[in-house]
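**Q** If you scroll down you'll find the structure; I have some questions about it.
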Amino acid sequence: MDLNIIQTWSSSSVRTWRSEALGGDVGQRVQVEFYVNENTFKERLKLFFIKNQRSSLRIRVFNFSLKLLTCLLYIIRVMTDNPDQSSSSSHSVGQQNNPSGNSKCVDCQWNGSEQDREINWELIFWVDRKAPVWAIQVIVAIISFLETMLLMYLSYKGNIWEQIFQVSFLLEMINTVPFIITIFWPSIRNIFIPVFLNCWLAKCALENMINDVHRAIQRTNSAMFNQVLILICTLLCLVFTGTCGIQHLERAGKNLTLFNSFYFCIVTFSTVGFGDVTPRIWPSQLLVVIMICVALVVLPLQFEELIYLWMERQKSGGNYSRHRAQTEKHIVLCVSALKIDLLMDFLNEFYAHPRLQDYYVVILCPSEMDLQVRRVLQIPLWSQRVIYLQGSVLKDQDLLRAKMDDAEACFILSSRNEGDRTAADHQTILRAWAVKDFAPNCPLYVQILKPENKFHVKFADHVVCEEEFKYAMLALNCVCPATSTLVTLLVHTSRGREGQQSPEQWQRMYGCCSGNEVYHIRLCDSKFFGEYNGKSFTYASFHAHKKYGVCLIGIKREENKNILLNPGPRHIMAATDTCYYINITKEENSAFIFNQEERKGRPAGGLYDGPSQLPVHSIIASMGTVAMDLQNTSPPEDSGGKLVPPTVNGTGSRRPSIAPVQELADSSSILPCDLLSDQSEDDSVFTDEKDSSCLEYVKGYPPNSPYIGSSPTLCHLLAEKAPFCCLRLDQGCRHNSFEDAKAYGFKNKLIIVSAETAGNGLYNFIVPLRAYYRSRKELNPIVLLLDNPPDHHFLEAICCFPMVYYMAGTMDNLDSLLQCGIIYADNLVVVDKESTMSAEEDYMADAKTIVNVQTMFRLFPSLSIITELTHPSNMRFMQFRAKDCYSLALSKLEKKERDKGSNLAFMFRLPFAAGRVFSISMLDTLLYQSFVKDYMILIARLLLGLDTTPGSGYLCAMKVNEEDLWISTYGRLFQKLCSSSAEIPIGIYRTECHIFASSESQVSVSVDDCEDTKDKAEEARSTDQTDHPLLRKKSMQWARRLSKKGGKWQGLSRDSSKEHSQRITQQRLSLYRRSEREELSDLIRNRMRHLGLPTSGYEDLANLTASDVMNRVNLGYLQDEQNDQQNTLSYVLINPSPDTRLELNDIVYLIRSDPLAHVPDEPPVNHSTLKERHKSGLETREDAHH
């Protein structure tokens, strides 16, 4: 609408005010009237008839009703029509024809031959119109005519002929002007007027009316509805026009009824053509031809437009029904690009919970659905529950299409494959803001990539930051092996049925234990924990595991929102506590089956007196119910059933006993477990220390956080910040002259992190490794191998941590690896690089990382390499061996599990089971699972050390040595830890040796027999040519000849030529057998000499024994480059049964209670001294407890 400003100076339109201004000035004001053109009569009419939505809609409804009324009047006129009467009426006008002759003519037409038939044109031009019908039609015609002329006047734009020759105007004139003329010329009152053509005007009025309705309610996504309506109206108008036209023309022929004409039109337009009803005269036949031609032109155009809109609708997804949104529950998944892996992970995890089976999933994505996603969504399992909508979250119309305001939750996922992850986070933030603005009551589940962007979405109900979890998990992998596998299995929904059909014991145990998840229940409602009301947490955890096989790991007070992992023996269980436990299924889906001994009741004094009283659990996992067979736990009758305390000097003949877990334990008597041996006198900040070397470190909170929102963690810090120049490992400075890792003389092995840039997420890698609860003597030096030098902001954040260094270099450069001290490292962490996350072929994004890690695997076989991949499916290429028959068998097992519908089909891949490969996409299920378990994100953060709640424990690990094997079983170990150090075990990391014969059969042996099995394997390799992948064909032929002749040559005299030939052959075999390992060793030594690095610390790792390698790596894998076979495998057992036997070198995952939670109220004297040493002025956790 144009804005016209008219200023008028007449006295009627101008008002003048005189007022006194400051300083005595006199001002003059002029009143300006706006929108003056709308005050004219024409503009007011235009506003009422055209511009105003509601009034124009009423006008169109009235016009549509008039057109329908005229069509109805035409039908009434036809029903009351009498051709004889119309013929007699024509005589009265002046035709002077004999009516009987007309009757004879009609009879002649009916009875004569078709060639002799004559057309009575009078029946075509004249009809019998009753006076009431005529009167009503005249009134309607006058109203329609006046309306048409008024609208023509209001819409006139300078070209009168363009408006006159419009089809709608011509039809209006044809159907209205003749009726008006009959008022002044009564003799032609019965003239035929094609009023049935008003159906086309009714069609146009209906279209305009629908458009006004959509405009009034602001509906813009109605193109499909409009097109369907237009098509239906076009078909109806064609049929109605043909029916009325043929019926009228056939008045002069066969005199068809209206129904017969309708029947003929339907049969004709449907291309059936029975032929029982046909037009007999040429005018009606000509009309049929015209109607068919019009239909052939109009209908294909309408169908083409409809098909186009239908295809566009299929792409965009249409709308989610408002009725369904109000009657059914649905959630909305917002992504920038939907990949098939992401979709299947979400659907499998979301619908794995029984109570979510009736939910609908609405996917809102700006990109078009790709072919793979379309195929999946056409599967009946998903087609009825998943709706794909193409649209933007930033548009309210698209959010309205998805019915976001009625959704139960909204998941906003980031595009991790973008080259610019910061830009991807910005898009996620805007989407979260848009959803919060449109539907403020809809719960938000947001996935963010970089930690510095997390505070922008802190209003969301649940937020998962990928880099925080990724680096914390990779860091814990270095000190607690396979933490990534442990957490991944915990956050995945599984029934524990994977691998149960496998012939191998480890696969059955590993698959069954993978079904354990974290659940919660109130103590007063629990059968597991209800009987421990008023008992200590440690007592409840141990006895619940002994009796039911569940592992109680944490609690939450009713008055406190914080979850505490292993709050320790001082915590007394209350009826209102919420218990968090690990089990194969939740208690609500469990059935309790007691033996007869249990039904009769336990004898008096039925406390758990010894760890030998272990139940044998029979756990049947199913979707609905887990049956627990509670066996008789009475002690055996033999004399060795009870453990007696050891002698004072520890030299007695009896083995040590395990003290019972007290109901109300005195925490002052809880000492660190002797098995751990990782608590030292310098672990506490409150002990008197005289060693000057201990003064270098203090415990406090890091003074500089690289981003907003990081959780404060008490850490080992330097008393004074290190200068930036001292953080560079490979360059000396004025403070020190060290230029390589060897010169520093580190006592512990290095941890090397290879990353592209020093992002803020790396801060979360350092903090868990420098946490206060880790022994100062066991801190590993950290070296950051960065492609790009870090900025000062990052250096400012890490300069307060001890033994943290960086250097510029890449992992595909051997010189860089040697300079950063890789030969002195136990762990190499390879972080996925942002620049390689996007590739032309999606799954090729990991190609460079995989090949570089394979090179490291060959160069440094004893090094533990922990790799992050973009796509989990690529983990099968990690430490790839082309002739490893066992890996091929595991590949087939993975396919079988995937066909069975397992969500963890990749779990049997050896790199994943051993915790040597990790993909952040595996943790997507953590966000999905939080919809049902809102506590899972917090528990995962506590386990990984991302959050440190006062009084909450932390994850650590202990190794089972030979002197610990007397404990025998996992249940006895549970009791030992609970009674001595109040620690809660949650799982085992186990390593087994596997030797493969030529028949591809594998033999499992214990780790302590590894030396013998290796020797046997060496002997077996001497007679099997398939175990020598580096031997040439000719050399293998010589080896077979030698093996055949060996028996003949013994005891026989050999001439010099044969001895010389045999010696050359053996040397050649030895040369070929050791060529690759020696070449690699020589390469490394030469590069070290070239760089000026000492080679004294480098060992030929090919000569290490199996036990040496296992002790060095502490991850339990061996490599044999000669036979190209995997000799060992490692896997995680979550919450194994109490009767599980412990094995040598088992690593037990523990949740250790907070050391500062039980500090006496009066701190020691030297606490203030330490605070004086630490100048940061930050409040310690111990002060927060007081």
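Glycine too: its Cβ is placed from the backbone N, Cα and C atoms.
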**Q** For the record in TrEMBL, which of the ranges 228-249, 910-931 is the transmembrane segment one?
**A** 228-249
**Q** Within the same chain, where does the transmembrane segment (286-310) have neighbours whose Cβ lies under 8 angstroms from its own Cβ atoms, ignoring anything closer than 6 residues to its ends? I mean 6 or more beyond.
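**A** Non-local partners: 223-224, 227-228, 230-231, 234-235, 238, 241-242, 245-246, 249, 265, 268-269, 279.
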**Q** Rank 61-80, 134-155, 228-249, 256-274 by Cβ pairs under 8 Å to the transmembrane segment (167-188) and hand me the top one.
**A** 134-155
**Q** What parts of the chain pack near the transmembrane segment (256-274), using Cβ distances under 8 Å and only residues at least 6 beyond its ends?
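**A** Those are 75, 78-79, 235, 238-239, 242-244, 246-247, 250, 288, 291-292, 295, in sequence order.
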**Q** Over the span of the domain 'RCK N-terminal' (328-464), how high is the average pLDDT in this prediction?
**A** 90
**Q** Summarise the domain 'RCK N-terminal' (748-888) by DSSP state, stating how many residues are helix, strand and coil.
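**A** Summed by class, the stretch gives 60 helix, 29 strand, 52 coil.
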